[in-house]
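Colleague: One structure is given below, represented as structure tokens, and several questions about it will come after.
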Amino acid sequence: MPGLAKKTTFWAKTGIFCLLLGFIGYTLYHQQTDWAALGRQLRHTNWTSPYALLLVLLVPLNWSLEALKWQWLTRHVTPLSFREALSGVLAGLSLGMALPGLGDTAGRVLSIRGTSAGAGSAATPNRAGAVGAALVSGGMQFYVAVVVGAVAWAVHLTQVPARNTPGGQVLLGLLVTLSAAGVALNFYRNHFVVWSVRWPKIGQYNAYWAIIGQYTHTDMAATFGLALLRNLTFSAQLYAAFRLYGIGLPSLELAAGVGVVFLVKTITPAVNWLSDLGVREAAALWVFAPSALPAPLLLAATLTLWLVNILLPVGVGLLALGSSSRQWE
């Protein structure tokens, strides 16, 4: 059965990847595009404009906020300096390119010197606890994407009447319910840790999420705040990228669309770095389809964000990962 589950998951993710590529190709093929006008737009892109500067200058802020969140959460495992936390975040980003869903956690844990497989101590921090801290970090960022996405979708429905359908209202209700459920889960997380020990199949993973019970409400509130600031930061980057390429939608409509794009990206599973890249592009094409915006410009904006915000930091992360590997030798 475990083998069947793995095969099912693999083929499901592969199917999603193929659907993403198919949707992007279909949109480009069927949309009437003035390629000459598009070429002029791309050639006249002002790379010294305030939007271009904002896009680039927010890169260090984006990853610094993630590093601060990681540093805050690992206090219960081992104290990290900001530099060590940033190194771990970038190492996880790089490893996540090769192993989506697992690489980010592995890179962060590997970057913590002296982690042990056991309960740990001050000298040899608990590796399972580090995994748990990474899960809390990623889970909080996911939750923030849902909360911000709920607000963005609500605004999107008011700005794009074609989307304000019964299905759109149901989706809004689901997002609001999930947002409320996250608040309830926070208050009952200690009960979950105690309850999970009673169930062998769940309790075997207790070492990883037991650290959740060690965080106070203040810890979780601070983590939520950092995750929210980071979400707003990379949302501002995508907004700037769209403006950079001449997307002229009203500010509120464009900002809401950006929030929905990141919501779709967050909830869609990634098979590899190509699918992770394709999700953002496909989401942008779908979100802004009612506005009949040029698909190539939308793709150019999202690709630019990926190059600036992901690929460049990955290069730094590879250096950090190499340094972590030498520490383990």
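Backbone N, Cα and C define each Cβ position, glycine as well.
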Colleague: Given the ranges 10-29, 270-289, which one is assigned the annotation transmembrane segment in TrEMBL?
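Modeller: Checked against TrEMBL: transmembrane segment maps to 10-29.
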Colleague: Cβ under 8 Å, sequence separation of at least 6 from the ends of the transmembrane segment (140-158): give me the contacting residues as numbers and ranges.
Modeller: 69, 164, 168-169, 171-172, 175-176, 178-179, 182, 220, 223-224, 227-228, 230-232, 235, 252-253, 255-260, 262-263, 266-267, 287
Colleague: Taking the transmembrane segment (297-321) as the first stretch and the transmembrane segment (208-229) as the second, find out whether 3 or more Cβ pairs fall under 8 Å, excluding pairs closer than 6 in sequence.
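Modeller: When sequence-distant Cβ pairs are counted, the transmembrane segment (208-229) does not touch the transmembrane segment (297-321), since fewer than 3 lie under 8 Å.
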Colleague: Is the transmembrane segment (85-103) in contact with the transmembrane segment (241-264), using at least 3 Cβ pairs under 8 Å (sequence separation of 6 or more) as the test?
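Modeller: Contact between the transmembrane segment (241-264) and the transmembrane segment (85-103): absent.
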